[in-house]
Each structure stands twice: as C-alpha cells, then as structure tokens.
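Here TrEMBL flags 41-289 as domain 'G-protein coupled receptors family 1 profile'. Summarising the annotation, TrEMBL assigns transmembrane segment to 27-48, 60-78, 98-119, 140-163, 201-225, 237-260, 272-291.
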C-alpha cells in the first residue's frame, strides 16, 4: 500500500473505528439502533406526508428532507456497522469516490433545502394571504431542482478536486467513512490552495443558507411577537427554537469539520462531529420538524385507527 504518487490506489483502509473487539460490539448496537430509528422515523414521515390532507409546500419539503436523511445515513452507517464486525475495513477506490460524492451531494442539497423550508415558513407566517401564489407547486419544484443542481455542482467539484491530489504513503483513512479532511491528510503535495477553496465552499454551502435561515426566523419571530394569545406565542416560539437548535447543531458540526480540514490535532473531535451530522441529525429531523406537528399527528392517529380496525 505504499504506492508512489503516480500510482492510482486500488483501495483505502478505514481505520477510524476502535480496534478492540469489546468496544466494537459496544458501539455496534447503539449505532444500529440509531440507524433503525432514522429509517423508521423518516420513512414514516415520507409515507404520512403523501396523505391528501398534507399536500402543501411545507410537507412537500419535509418529504424530500426525509428522503435525504435516509440517504445520508444509508451511505455511511451500513459500511460502518460492517467494519465494526469485520477485520477487513478496506473500501475500494471507486467505493471511496462514490461515498464522498454522495455525502457531499446529500449534505449540500440538504442545506439548500433547509433554506427553502425556512423561506416557506416565512411566507406562511408573514405573507399568509399570498402563500399559495408565492409558493405554488411549480415554485416548490423549482426550489427543489435548484437545491439538487447546486448540490450536484458542489459535490462534483469537491470530489474531483480531492481525487486529483497526489496521494502517498499508506492508504489508511483515520475516519469511519471517506470524507474530505482525512483524504487531505494522505496528500503529499501542497493542499493550501484546495483548503482555501474548501473554506469558500463551506461558506457558500453552509454559512450562507444558515444566515438566510436565521434571517427568515428573525422575521417569523417578529411576527409572532404581535400575536395576542400567550399560548399561541409559546407554541410558536417552541417550534422556532427547536428548529433553530437542530440547524445550529448541523451548522456547527459542518463548519468545525471543513474550516480546518488538515488540522491533525482535532481528528478525534471531527469523527464525533461527523457522527453527529451523518447519524444523529437524520434521527432528530423527523422528531423536530414533523412528529411534533399537529396535522402530522392527526394523520398518524387516523392511519393507526384504520389499521387497527382491519
């Protein structure tokens, strides 16, 4: 595996997981449980939002968010679970390229989608009379396509740039999946130009949507303050705060990982943060965005009632 710079590696070894058997088994079951909850929660939301009473822009975006969360977890977690139970932790070169592309595409698309969802909530609260006009099905589809196209451009550029770098030394990735920071650590060339570009990409993909989300929620909170009912204000504030908490956690984990990609001192911390945005966030999103929603609960109760009658 100590190939020269000009030799294309055939595989990498994901060495970021514990090697002690007892610790491996200890990690396997909670990660497997969280992954199962991610699949069940997001699949439930995906199916419930197909219900005719939930055919609104908000639930359209939630359905897409559920699909992205299922995809993000499925790109990373199954391979991680296999590696926890196996001595062979290798991943093929093509598998590594594919995994990196998918992770970047899904994360970037989700950030642009979250900004679109914040826009949807802003229009619903601040411009209720124009809601159906401003966010027509065609507009929602255009926002989704824009998010996907932006995610595609970002992922193609980042993946191509990383894998054109000259790699040398052992192909051991101190991570549990193929991501940009650990791959940069394998490069034996000057990566400073790429690191600067990555900071710009992080600002564009994460910080820009995050600022738009904050601006949207600031306008929403301003409108909420005008509500006379204290109970309604409390519910609205509770919803906004939970949404912002998850988005802030997502933003913090992403920026801390990508703003200093070659910082060797924080590799262990980056692995924990990567676990947050690939495993924890996809589990929290259904709980925060959907299952606390009154309309979703009502549909769920109706579906359960119909199933129990059968």
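Just so you know, glycine gets a Cβ as well, placed from its N, Cα and C.
TrEMBL labels come from automatic prediction, so no person has curated them.
Remember, predicted model here, so these are calculated numbers, not experimental data.
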The answer for the transmembrane segment (272-291), taking Cβ pairs under 8 Å and residues 6+ beyond its ends, is 31, 34-35, 37-38, 41-42, 44-45, 48-49, 62, 65-66, 69-70, 72-73, 75-77, 103, 107, 117, 175-177, 179, 242-243, 245-246, 249-250, 252-254, 256-257, 297, 300
Most Cβ pairs under 8 Å to the transmembrane segment (140-163), of 27-48, 60-78, 98-119, 237-260, goes to 98-119
Long-range CB partners for the transmembrane segment (237-260) (under 8 A, at least six residues beyond its ends), listed in sequence order, are 107, 114, 179-181, 198-199, 201-202, 206-207, 210, 213-214, 217, 220-221, 224, 266, 269-270, 273-274, 276-277, 281, 284-285, 288-289, 292
Contact set of the transmembrane segment (201-225) with the rest of its chain, CB cutoff 8 A exclusive, min separation 6+ beyond the ends, reads 107-108, 111-112, 114-115, 118-119, 121-122, 125-126, 154, 157-158, 233, 236-237, 240, 243-244, 247-248, 251, 254-255, 258-259
